[in-house]
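Enquirer: The compositional bias 'Pro residues' annotation in TrEMBL covers A:1-12, A:19-34, A:47-66, A:76-89. Positions annotated as region 'Disordered' by TrEMBL: A:1-129. The annotation compositional bias 'Low complexity' is assigned in TrEMBL to A:35-46, A:115-129. For A:227-265, the entry in TrEMBL reads domain 'Zinc finger Sec23/Sec24-type'. Here TrEMBL flags A:302-538 as domain 'Sec23/Sec24 trunk'. Residues annotated as domain 'Sec23/Sec24 beta-sandwich' in TrEMBL: A:544-627. Summarising the annotation, TrEMBL assigns domain 'Sec23/Sec24 helical' to A:641-742.
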Amino acid sequence: MAPPAADFPPPQFFARPPLSNPPLDPTPPPPPPQQLYSRPPSSMLSTPPPPIPSKAPPFASPPPFAAPHQFQGLQGPPPSHPPPPPPQAPYFGGSPAYQQQQQQPLPPPSQGYFAGIAPPLPGVAAPPGHDIADEFESLSISSAPGTAADVKVEALPRPPPDSCDTFAQPAWSNCHPRYFELTTNAIPASHSLAARWHLPLGAVIHPLAEAPPEEQVPVVDFGTSGIVRCRRCRTYINPYDKFTDGGKYFRCAICNLLNDVPMDYVCALDEQGKRRDAMDRPELSQGSVDFVAPMEYMVRPPMPPVYFFLIDVSVAAVRSGILQIAADTIKSCLDKLPGYPRTQIGFLTFDSTLHFYSLKSSLTQPQMVVLAQVDDPFLPMPDDLLVNLSESRLVVEALLDSLPSIFANNENVESALGPALEATTSIMSEIGGKLLIFQSTLPSLGVGRLKLRGQEAHVYQTDREPALRVAEDSFYKQMAAKCSKLQIGVNVYAFSEKYTDVASLGTLAKYTGGQVCYYPGFHAAVDGEKLTYDLSRDLTRETAWEAVMRIRCGKGIKYSVFHGHFMLRSSDLLALPAVDCDKAFSVQFALEDTLLTSQLAYFQVALLYTSSSGERRIRVHTAAVPIVQELSVMYKEANIGAVVGVLSRLAVEKSLNDKLENARQYVHVKMVNALREYKNMYAVKHSLIGRIIFPESLKLLPLYVLALSKSLPLRGGFMDATPDERSAAGYQMMTMSRPSLLKLLYPALIRLDEYLLQGSRGGGVDSPPQLPLTAEVLDPRGAFVTSDGQRFVLWLGNVLQPEFVAAILGPQVAHSSDLRKVPVVEQDNDLSKRFHALLAKLRKQNRWCHQQCVVVRQGESGRELQLVHSNMVEDRGAGFPSYMEWMVQIHRQVQQKI
Amino acid sequence: MAWDLALWILSFLAVAAALGIIVYQLLCLSDLEFDFINPFDSSSRINRFVLPEFAIQGVLSAIYLIFGYWLMFLLNAPLLYYNIRLYMSKRHLVDVTEIFNQLEPEKKIRFYKLGFYLSLLCIVIYR
């Protein structure tokens with residue numbers, strides 16, 4: 001949900017004053033008197049902003065998503081990327097157009113369309129004092145589904161479809177924003193200016209993001225001569241280094257030092273002082289390159305990819321089918337594991353005892369050794385526990401075939417995770433690698449045993465609350481530190497329906513660049529597909545081993561805090577034992593100098609890693625951003641995706657040492673301050689007291705902050721989510737890339753029955769329209785799908801035709817009342833085929849995790865609430881108001897204390 | 001009299017030892033800050049001496065209490081209480097995973113302790 005494409009008419013509400021907009025000039029309809037307050041969003045929308053008279057009826061016939069171009073005119077200056085900011089550029093200065101827009105009154109309420117839904121806008125226009133509250137009440141969205149629903153879709157200001165996945169074009173020679181995206185493409189020139197930008201000044205970094213084939217990062221090999229770098233700050237050569245003196249020297253963009261160019265790298269300059277070969281050399285023309293690192297970048301020979309599986313085989317794991325699925329999946333991935341023929345693999349299973357497997361290539365069957373004494377585990381046959389896959393392939397396959405049957409009758413309920421971890425780390429200590437932990441119960445034996453907690457409601461709202469979200473036993477932190485030191489990256493798969501203390505287990509992943517996958521109440525028939533996908537993706541995706549990442553910033557700017565899954569090895573070096581294409585981080589910057597005098601600020605992200613093929617490489621992303629003097633430019637160039645990315649990580653981190661309430665408040669205050677600052681900037685000039693105005697770039701900020709406050713890690717209190725769900729979602733949020741995060745916060749809602757039927761009648765609709773996320777649109781006669789990037793929820797209305805259900809889910813499902821364990825499989829008919837084609841299409845946009853489809857019927861009390869209504873971020877819930885109420889509330893707060 | 005002398009020597013040694021520990025820990029922290037050692041070594045070195053320091057301070061306070069040096073005990077009491085509280089809530093050790101975030105507060109508290117032990121040393125010497 002990125003920079004709002006122009007799909008919706010920008011409500012005046014958000015009025016980022018589109019100056020310079022000729023179409024605006026035609027004076028709008030006569031302003032209703034004393035209209036001080038321009039509408040909160042949804043409402044505002046209902047009245048098409050005057051500037052679009054030509055399409056005055058844009059909503060009259062519910063057009064599927066107003067064509068973007070229609071409103072282009074309103075957007076004001078097109079987002080200029082490379083933001084060419086001569087700071088003086090009159091972005092908003094008091095241009096007349098701006099003024100006009102500000103004063104545009106709302107046209108008279110259009111009756112009819114919005115009757116059911118649309119909050120009465122006109123009312124809002126009244127002075128905030130009295131009417132808002134009343135208006136407000138009347139806004140409450142009661143059920144009036146039907147035709148009105150369509151209208152509403154267009155009426156609400158929401159992220160346009162697909163906006164999550166679209167990035168702005170990179171400016172100049174900058175790296176693509178999918179790798180490095182700043183919260184605002186304008187760095188403040190002074191402390192005082194930075195202090196007035198109340199949002200985080202930072203960036204979301206996704207160093208290994210997947211790129212389409214035509215945009216692969218080029219590989220540059222300097223051979224034995226070594227990579228050209230600044231000799232003082234060690235910045236890698238990049239397109240912003242300036243060559244002088246006939247190409248003999250170059251000036252480092254970051255620290256401004258004049259460096260010698262190595263003899264064999266010298267090249268003549270052209271008239272503009274550019275190197276003549278600049279276009280032939282990716283490192284001088286592109287923002288992202290992969291350097292091949294020579295020997296001096298290695299402390300040891302590049303490690304082979306290592307996969308070690310630590311599998312809980314206690315009764316819960318066996319009964320739920322996890323063991324079977326995991327073994328099958330691993331076996332099917334053996335051919336696809338990266339790094340053939342160097343790949344190494346090993347297994348250890350545990351319940352109350354530890355089971356080691358010797359996989360020596362000379363054996364025909366794996367040898368199993370059971371270690372019953374878990375207090376001080378030692379390694380039997382230490383050399384054969386981690387073996388080369390290509391040599392021991394047959395033994396490994398034999399083991400995977402027999403694992404499920406060996407433990408088929410296991411009745412052991414204990415789980416000695418701690419001792420198993422200690423044994424595993426000593427097996428892996430030589431090389432490091434990736435450790436996958438499959439945990440189905442609460443660890444109950446030996447070191448690192450955990451106890452049940454978080455079951456008492458009264459802990460919430462007290463000082464003891466945040467402790468629920470961090471590791472209970474310091475064992476896990478120490479183990480995580482040890483893993484990081486030994487170059488072991490941990491991924492945790494947790495399955496139990498009961499409390500497993502994901503907060504503690506996840507600590508292992510948190511400091512080693514890993515991830516936490518949580519499948520509460522795993523049921524093989526339903527969740528098997530998801531586990532299979534997630535696990536194979538984990539095993540086969542592009543992975544960078546024994547990596548470290550560092551960020552260098554131009555003069556006067558300094559990184560201040562990092563967020564994500566890593567461990568700091570020195571104050572600015574992120575240790576990432578195993579990092580892959582699905583891990584993103586965020587960083588915040590601070591100004592070191594009180595005044596920045598240069599024109600541009602430079603950032604360089606460097607990730608030094610070993611590729612799966614055993615080559616040492618450095619991935620370097622470089623970006624340059626203008627330094628500006630004007631706050632308005634900062635707001636104009638704000639990047640909602642990155643802002644939300646940093647804010648959500650901040651909020652999750654805050655929730656680890658503070659109450660949920662305070663974590664939500666923390667984000668809220670930042671947003672309100674930013675909006676107030678923005679308002680004041682114009683209120684002074686144009687006496688706009690009583691109106692709330694937004695920068696166009698941040699018009700979705702309130703919606704996302706609302707969604708964030710209702711998201712799983714931060715939602716409500718004791719009743720709203722189990723501690724495990726919260727922790728797992730929190731860990732996930734810390735590593736999410738911008739597209740998946742935005743998708744999660746504001747899922748897509750699609751009306752399925754119409755889309756499918758329409759298609760079968762030949763009216764091929766490419767992408768179904770997205771609906772606003774409110775229960776209002778859920779028509780009992782219809783079927784709807786929400787897609788939040790993690791799963792699909794198929795909601796079936798009460799009076800939906802049973803034939804339709806039978807067609808897409810199979811006849812036996814149509815009348816069954818328990819949909820909990822219904823697998824969604826393709827049926828042999830057109831509807832179902834189209835349905836699965838749609839799911840496949842949506843899944844393709846989102847490859848980092850498998851979107852399981854779950855089915856829920858209207859009125860299934862508990863599940864409907866949990867699966868569907870918790871996603872309806874525009875409705876009231878979890879102690880938070882509806883979108884409309886939220887806007888009014890924010891408006892009031894923005895007005896207060898200036 | 002002999003008791004008194006023994007006690008004086010004991011307090012002197014104890015305070016000097018505690019002082020040494022604190023200085024050593026501060027050195028580790030600043031080395032870490034300037035990237036001379038890695039967080040694993042730094043925190044293990046610091047943690048090795050956390051409990052000895054607590055013990056020295058505790059024993060010293062106990063001796064003052066037993067032998068009736070009320071004023072000296074009162075001086076030590078606040079720190080004793082702080083140390084015990086820290087220990088009871090298991091926050092006395094430096095957390096290697098978060099050491100960079102805790103750098104500033106950890107340094108600050110050690111500077112306070114440094115000041116405290118220095119003044120204690122003066123008192124022991126000149127009283």
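The backbone N, Cα and C atoms fix where each Cβ goes, glycine too.
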Enquirer: Mind checking which residues of the chain, 6+ beyond the ends of the domain 'Zinc finger Sec23/Sec24-type' (A:227-265), have their Cβ under 8 Å from one of its Cβ atoms?
Expert: 172-173, 273-275, 278, 283-287, 291, 293-294, 552-555, 600, 602, 604, 606, 618, 620, 622, 624
Enquirer: Please work out the helix, strand and coil residue numbers for the domain 'Sec23/Sec24 helical' (A:641-742) from the DSSP assignment.
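Expert: Residue counts for the domain 'Sec23/Sec24 helical' (A:641-742) by secondary structure: 77 helix, 0 strand, 25 coil.
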Enquirer: Could you tell me the mean pLDDT the prediction assigns to the domain 'Zinc finger Sec23/Sec24-type' (A:227-265)?
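Expert: Mean per-residue confidence for the domain 'Zinc finger Sec23/Sec24-type' (A:227-265): 91 out of 100.
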Enquirer: Using DSSP, how many residues in the domain 'Sec23/Sec24 beta-sandwich' (A:544-627) fall into helix, strand and coil?
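Expert: Once the DSSP states are binned, the domain 'Sec23/Sec24 beta-sandwich' (A:544-627) shows 0 helix, 60 strand, 24 coil.
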Enquirer: For the domain 'Zinc finger Sec23/Sec24-type' (A:227-265), what does DSSP give as the number of helix, strand and coil residues?
Expert: 6 helix, 11 strand, 22 coil
